[in-house]
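*Asks:* The structure under discussion is supplied below as structure tokens; questions concerning it will follow.
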Amino acid sequence: MDSSVAPVTIDNAHRLNPTKLSSQKKPSKGGWKAAFFVISVEMAERFAFYGLAGNLITYLTNNLGEPVITAAKNVNTWVGVSAIFPLLGAFIADSYLGRFKTILASSVIYFLGMVLLSLSVSVIPMHSRKAVFFTALYVLAIGEGGHKPCVQTFAADQFDENNPEEKAAKSSFFNWWYLGIVTGASVAIVVVIYLQDNVSWAAGFGVLSGSLAVALAVFLIGIRKYRKQRPTGSPFTSVAQVLVAAAKKWRVSETHGGRGICYEDDRRGGNHVKGQTMSRNLVRTKQFRFLDKAMIIDDKDTLSKTRDPWRLCSLNQVEEVKLVLRLIPIWLGCLMFSAVITQLHTFFTKQGSTMLRSIGPNFQVPPAALQSLVGLTILIAVPIYDRVFVPIARKITGHPSGITMLQRIGTGLFISILNMVVAGLVETARVNTAAKHGLIDAPKAIVPMSVWWLHPQYVLTGLGDVFTIVGLQELFYDQMPEEMRTIGAAAYISVVGVGSFINTAVISVVQVISLRHGNEWLGDNLNRAKLNYFYWVLAGLSAFNLCAYIWISKGFVYKKVENNDERVGEGKASGMGGYLDVKV
């Protein structure tokens, strides 16, 4: 192909309608029949992750003897690292291994890490147990890094966007995907945590290891049904080329110093692989205009016989970089949400351990098992959202999805504020009950207040996930360039990781300031601590964050595709401004 300075022409073969081509023959691979196998391995991974994370703070405090604050920081750090590693895993998948091989390799690593964890709580000598336990945790984090960014994208790849039937099925995929993995997480929280608290930690972790082995076998059974994307090389190379080319031509304009001509790429399906989504041409947008200089043909480009990719980039390349840049502020605007939901694995559980948990004369509800309320809320809310809320909202707004992706995320951010306010009020009532019964200085005593008072904050956590987490999944898949969708999945996952680190930082700052004033907010004795104040600090930070998010979202421009009446994602909706004026 001639990559000289003249705009690239497209031959008639490339003008064929991909929808007609893909619908002529029913594909033998992909679709729901392939996606179900991928969903099964993800359900097992979530089963294992929540079976460990849900009760981790209990093991650290009760079995390893760590203070509550130290244990909370260790949990946050491990969750954070587990959510940051997917950025590296996504890079390896897109550049070298491909998604299928990355999922396979990471699943094996994850299984080996869980086996090591089971050994660390059973046969490993006590003097080495803590070191081996934490080693196993971070082996699991490595496995998580390769598995998490690829599995959802790989499952979504089983639906061809150029096939009308599969595109229709894909529209509900993210809701039902999340519903499936929540089922795995909820079962783990009920079953595995009961085993850990009432049988043994070795039995609980052994069940998790067995589930991972079964899921790996199921994943391999479906190997002939998968559509497999080939690694496309480093996705960051194209981004770097645009930035370098724009910098080299920072003095060039379309009317002065340039020829007034922009280079248009030919990526209109020439390298299309049957059964995979065809790359589509993006419409030129007005945001980040400084990057447009990268596609301006100047005199030096005209004299060159071949195109220098570090000096002249295509319109598609430039617009893809703009897509990435637009998502960065949204990513930043969701970090506080993750800092809030991190309480689920730490302070929520410690609160529950101090309250009445009896059901009948002989059964005690494990405090971490209350996290199942989050899963139950999601299991109920997702079908209601998909089958009831969306049709009603669609009639009101005229929008195909009822509300835009950014509106969905913003709704979850608001719910997270409400969550922390309610959690603070419940904690105030718990401490007042402890004071009324003279238990302020009895940290191990059970406060005569039912653990079910914590029910609202768990339900609000689940509702927040239905809106924000699912919205982030869809946004970072839909709005990323096709070649960078694994990176997009890793980016949304990293929101949870960085949010965990932010929560750790907030804990440290609160501890320093409260100790300086002689009144520790987050001590081991929750009856004397001021956990309610900490929750309200998070509510205030989240409110400020929501205001920033709304401001950012008003300037967001969704992906638009050339020669396509239907704009990808949400079209030119003005983000959260769509609360007042939805534009489709």
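The chain as shown is numbered from 1 upward.
Glycine is treated like the rest: Cβ placed from N, Cα and C.
Quick caveat, the model's predicted, so the values are computed rather than measured.
Dumping what TrEMBL says about this protein:
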{"type": "TRANSMEM", "residues": "77-97", "note": "transmembrane segment"}
{"type": "TRANSMEM", "residues": "103-124", "note": "transmembrane segment"}
{"type": "TRANSMEM", "residues": "176-195", "note": "transmembrane segment"}
{"type": "TRANSMEM", "residues": "201-223", "note": "transmembrane segment"}
{"type": "TRANSMEM", "residues": "323-348", "note": "transmembrane segment"}
{"type": "TRANSMEM", "residues": "368-385", "note": "transmembrane segment"}
{"type": "TRANSMEM", "residues": "406-426", "note": "transmembrane segment"}
{"type": "TRANSMEM", "residues": "458-477", "note": "transmembrane segment"}
{"type": "TRANSMEM", "residues": "489-513", "note": "transmembrane segment"}
{"type": "TRANSMEM", "residues": "533-552", "note": "transmembrane segment"}
*Asks:* Can you find at least 3 Cβ pairs under 8 Å between the transmembrane segment (533-552) and the transmembrane segment (201-223), where each pair is 6 or more residues apart in sequence?
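*Replies:* Taking Cβ pairs at least 6 residues apart, the transmembrane segment (201-223) and the transmembrane segment (533-552) are not in contact, as fewer than 3 fall under 8 Å.
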*Asks:* Under 8 angstroms for C-beta pairs, at least 3 of them, ignoring pairs fewer than 6 apart in sequence. Is the transmembrane segment (406-426) in contact with the transmembrane segment (176-195) by that rule?
*Replies:* no
*Asks:* Establish whether the number of Cβ pairs under 8 Å between the transmembrane segment (103-124) and the transmembrane segment (201-223) reaches at least three, counting only pairs separated by 6 or more residues.
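*Replies:* Per Cβ check, the transmembrane segment (103-124) touches the transmembrane segment (201-223).
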*Asks:* Between 77-97, 176-195, 201-223, 489-513, who has the most Cβ pairs under 8 Å to the transmembrane segment (323-348)?
*Replies:* 489-513
